[in-house]
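Okay, structure first, notes after.
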């Protein structure tokens, strides 16, 4: 394992974590009354857009999964459209799963969908940036010992941390504490966000700690 590659991963992950912190601070300079809790839907939109733009930009600059084949313009357009469709389908799927886990079906539809978009940004978008619209590659990465690079190990960790964070975030909602952050879906989205940020930090540390045991098969 090359140390330079691990440093690139650490820098990219820290940049993503810092960008999330900035989404809670910078908009307040331009939007009156903005706060993560008070205008939570606005923050969900800002966070999803900023994280998406940054991840796509980092993917284009760092090229963590370079392809030896040169693709034509038509193939690139087709790949881009597939990625958009996959992302939208992921939002719909997450929305349905969240409803099945107890979210309001008719009420708070906007809140639930924006939470689903945030989860898709933390999970599906990462898969699309790293692996493209290739379901078989997704299944390989999330199977046992399926990672073929440190970037795929990081993808595994950040995805699981995001989903677990969103799940644990639902625990305080039914409690009668009457706190503003118990309003749907604030605790869940904050849990997913903290989980994603934790995954971004844990992934490079875990990879560095286990670097001698990690062996990657060639593609």
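Cβ from N, Cα, C; glycine included.
Because the structure is a prediction, the values reported are computed rather than measured.
Here is what TrEMBL says about this protein:
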TRANSMEM  9-29  transmembrane segment
TRANSMEM  41-62  transmembrane segment
TRANSMEM  83-106  transmembrane segment
TRANSMEM  112-132  transmembrane segment
TRANSMEM  153-171  transmembrane segment
TRANSMEM  183-209  transmembrane segment
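Taking residue pairs at least 6 apart in sequence, the transmembrane segment (41-62) and the transmembrane segment (83-106) share fewer than three C-beta contacts under 8 angstroms. Beyond the transmembrane segment (153-171), the same-chain residues lying 6 or more positions past its ends with a Cβ under 8 Å from any Cβ of the stretch are 9, 13, 101-102, 115, 119, 122-123, 126-127, 130-131, 141-142, 147, 187-196, 198-200, 202-204, 206-207, 214.
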